[in-house]
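Below is one structure, written out as structure tokens; comments come after it.
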């Protein structure tokens with residue numbers, strides 16, 4: 001099985017990149033792709049850059065150039081679900097854009113034309129993450145992950161997202177764009193993120209402080225999933 005892994009920032013991919021054997025590195029259009037092996041799995045690890053366009057462009061390149069069988073999105077996220085704390089892990093059941101609004105034409109909030117109301121993560125991959133977390137005693141929350149081209153750093157913005165997407169468990173800036181590309185290419189995907197902040201007025205301070213912890217936690221979870229595939 002060939003596994004595509006996508007992270008936005010250097011800090012979110014550097015642990016996994018350091019573990020790749022027989023490494024080949026490709027730089028293209030502002031993206032970096034590390035290809036090789038982790039354990040017995042063939043992997044292509046993409047550092048896409050931040051935001052929806054960067055994530056979509058990088059994921060498209062990843063799928064076209066390396067033809068992975070599945071895609072895992074890793075990195076950090078802002079926690080929304082009550083009880084989530086820094087370092088906890090979330091896994092997607094579905095993803096949606098919190099900053100897309102074509103409701104004037106009858107679409108659901110977050111839905112784009114020619115797309116489903118939400119992008120559904122591969123149920124088998126989500127279940128695998130849940131099972132591994134249970135076996136390892138990892139605090140995991142499953143649910144809706146919302147994406148947008150904003151770092152949420154205010155209680156007002158967070159409240160708006162929660163009001164419009166009440167099932168949301170975490171927020172970030174790339175997952176739904178990655179999911180949309182995978183949907184178009186018919187490639188199974190799942191999002192595994194660790195919490196770096198809680199999206200309130202202190203989020204930027206928390207993010208800077210706890211990004212390394214979130215990167216370690218999400219990378220560790222991805223490694224456990226690779227072992228289980």
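Glycine residues also receive a Cβ, built from the backbone N, Cα and C atoms like all the rest.
Substrate binding, as stated in Swiss-Prot, involves 152, 173, 174; the candidate among 36, 49, 58, 78 given for that site is 78. Taking the centroid of the Cβ atoms of 78, 152, 173, 174 as the substrate site, the other same-chain residues with Cβ within 8 Å of it are 77, 147, 148, 150, 151, 171, 172. Counting other Cβ atoms within 10 Å of each Cβ, the recorded positions 12, 174, 197 show the lowest value at 197. The secondary structure of residue 197 (active site, proton donor), as reduced to three states from DSSP, is extended strand.
Cα distances from residue 197 (active site, proton donor) to the recorded positions 12, 78, 152, 173, 174 are smallest for 78.
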